[in-house]
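*Asks:* Submitted below is the structure of interest, expressed as structure tokens.
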């Protein structure tokens, strides 16, 4: 029973209580770049979740056989291999989205969330818990990406997943899109607003002053 409770905590904790973007402020760079559309935000979230989960799993499985002096190199090799697999799958089955994501899929290799969970969690924890931790952190990352992507695409272009929701004036409708929301800096402010909302709801996440 305690194992099931711990597993649930590992899976759901990073979504709100210990969100990698909102609390730890990790992985922000890719969040700024890929959230102009919900479609790219979703694919990026799935890609990072897969890489984080499986890198955690594989690193945890061999953690007792990795010399401390080369552990970062081993972790990077495993993560890079998984990123290459994910990138090739995207190019094979979702080429247009792969083109839109551009270099940001490859940059998952250096994403702080993936590296951080491998070093801080997978190196010290059994495989199943490490795998679920990777999924949980991927879901936490994805939740922020989807929230930001929803606002940016809906109010920046009047659409969701490419389907027109708010009919634009240029097409005979009533809505004037806010072009600023399609620029990367808008994501920075939206993430800041989300962090403020979460920390207002959960004041224990606010850093102590002084």
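Every residue, even glycine, has its Cβ placed from backbone N, Cα and C.
Copying in the features that Swiss-Prot gives for the protein in this structure:
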TRANSMEM  14-34  transmembrane segment
TRANSMEM  42-62  transmembrane segment
TRANSMEM  72-92  transmembrane segment
TRANSMEM  103-123  transmembrane segment
TRANSMEM  131-151  transmembrane segment
TRANSMEM  178-198  transmembrane segment
*Asks:* Check for me, if you would, whether the transmembrane segment (131-151) reaches the transmembrane segment (72-92) - at least 3 Cβ pairs under 8 Å, residues 6 or more apart in sequence.
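*Replies:* Answer no: the transmembrane segment (131-151) and the transmembrane segment (72-92) share fewer than 3 Cβ pairs below 8 Å.
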*Asks:* Establish whether the number of Cβ pairs under 8 Å between the transmembrane segment (178-198) and the transmembrane segment (42-62) reaches at least three, counting only pairs separated by 6 or more residues.
*Replies:* no
*Asks:* For the transmembrane segment (14-34), what are the same-chain contacts with Cβ under 8 Å, counting residues 6+ beyond its ends?
*Replies:* 40-41, 44, 48, 100-101, 104, 107-108, 111-113, 116, 133, 136-137, 139-141, 143-145, 148-149, 184-185, 187-188, 191, 194-195, 198-199, 202, 205
*Asks:* Apart from its near flanks, which chain residues at least 6 from the ends of the transmembrane segment (103-123) lie with a Cβ under 8 angstroms of it?
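*Replies:* Result: 20, 24, 26-27, 29-30, 33-34, 44, 47-48, 51-52, 55-57, 59-60, 63, 66, 71-72, 75-76, 78-80, 83, 86-87, 90, 130, 133-134, 137, 141.
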